[in-house]
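Engineer: Copied straight from TrEMBL:
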{"type": "DOMAIN", "residues": "1-285", "note": "domain 'Carbohydrate kinase PfkB'"}
{"type": "BINDING", "residues": "Ser11, Met12, Asp13, Gly39, Lys40, Gly41, Ala42, Asn43, Glu141, Asp244", "note": "substrate binding site"}
{"type": "BINDING", "residues": "Asn185, Thr212, Leu213, Gly214, Thr215, Lys216, Gly217, Gly243, Asp244", "note": "ATP binding site"}
{"type": "BINDING", "residues": "Asp238, Thr240, Ser274, Lys277, Gly279", "note": "K(+) binding site"}
{"type": "ACT_SITE", "residues": "Asp244", "note": "active site, proton acceptor"}
Amino acid sequence: MSKIVIIGSISMDLVMETDRIAEEGQTVFGRKFSMVPGGKGANQAVAVGRLSSNKDKVSMIGAVGNDSFGPILGQNLQENKVSIENVGTVPESSGIAQITIYQQDNRIIYCPGANGLVDSEKWSTEWSTIAEADMVVLQNEIPHQTNLAIARFCQDRQIKLLYNPAPSRASDKEMLELVDYITPNHHEFKELFPNRELEEVLREFPNRLIVTLGTKGSTYYNGEKVQLIPAIKAQVVDTTGAGDTFNGALALALAHQLEMGKALAFATLASHLSVQKFGAQGGMPSLEEMKGHQAYEENWHFE
Ligand code: RIB
């Protein structure tokens, strides 16, 4: 059994699929509009929830607004086996991500709303939930000061913490020495370590720094050599949330004590399955779907 706590954003994604991008001052027709639950925090929580077994406990800490989206976002988490005991409702609008899908890739404008009010100084039961965790997961769509307080709390108590620095912020460097695992994509890597060679930096963080490289896969240094875990080729429908699926699956696998190479292969298979359906959470696989894949039987077998 593992207890995983995800702290972060819970948002509504307003998604426009289009064949044309508007220029300044121009209006163009979109092809399709959808409204689906998202937010990097909630996405990672749903990824863990779907992959978890009944013996695991998955909890979300965050906030929704006192608008019509709040209850929908909370219910969606519960339907995906995520406890919302520590999800508050605040006098703000819920977080919103305006997503444009153009040529199978996404462009996102994020407005934090309630997520910007996730303030660890106001917490009580939240700290006891974190204190019991086997793995804590953070991203960058809530205030940096809250992330910092959580990272210090976890370091003091030797609670494992996976930090996904997305979207990147200038202040991210402060987190590096406080967390166990850091998972930037290649853009975030460049902002975290400007003008540095990937391989050189990986060697400074053995089994801790995992850089995702899109269709190439992910890479890390295992203490002896730099390893590439190749991505699995997919029929891509929507890449939104692929990184969140990867991070959620990685956190769960590490909480189950898998060694880094196997944990990354598990996360790679989960994100491979996730891009084959629409929406950040639409394609996130359940443990049953993972079990249907030959690699699962060969490598993991965890309940
Ligand atoms: O990582 C994808 C997520 O980032 C979307 O669901 C959206 O909410 C954005 O903030």
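Note: Cβ is positioned from N, Cα and C throughout, glycine not excepted.
Please go over these features one by one and say how buried each is and what sits next to it.
Structural biologist: Sequence-distant contacts of Asp244 (ATP binding site), defined as residues of its own chain at least six apart whose C-beta falls under 8 angstroms from its C-beta, comprise Lys40, Asn43, Gln44, Ala47, Asn164, Ala280.
Look at Asp244 (ATP binding site): DSSP puts it in a helix.
Following the DSSP three-state reduction, the secondary structure of Gly279 (K(+) binding site) is coil.
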Engineer: If I take the Cα of Glu141 (substrate binding site) as reference, which of the binding-site residues Asn185, Asp238, Ser274 has the closest Cα?
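Structural biologist: Going through Asn185, Asp238, Ser274 one by one, the Cα closest to that of Glu141 (substrate binding site) is Asn185.
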Engineer: Can you give me the same-chain residues 6 or more apart in sequence from Ser11 (substrate binding site) with a CB-CB distance under 8 Å?
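Structural biologist: Non-local contacts for Ser11 (substrate binding site): Pro37, Gly38, Gly39, Ala42, Leu73, Ser94, Gly95, Ile96, Ala97, Tyr110, Gly113, Asn115, Glu141.
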Engineer: Kindly point out which of the binding-site residues Asp13, Leu213, Asp238 have a C-beta less than 6 Å from some atom of ligand 1.
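Structural biologist: Within range of ligand 1: Asp13.
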Engineer: In sequence order, which same-chain residues at least six apart have a C-beta under 8 angstroms from Gly217 (ATP binding site)?
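Structural biologist: The list for Gly217 (ATP binding site) reads Leu228, Ile229, Pro230, Ala231, Thr268, given in order along the sequence.
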Engineer: Which residues of the same chain, at least 6 positions away in sequence, have a Cβ lying under 8 Å from the Cβ of Asn185 (ATP binding site)?
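Structural biologist: The list for Asn185 (ATP binding site) reads Ala166, Val211, Thr212, Leu213, Gly214, Gly243, given in order along the sequence.
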Engineer: Using Cβ atoms only, which residues of the same chain lie under 8 Å from Thr215 (ATP binding site) while being at least 6 residues apart in sequence?
Structural biologist: Ala231
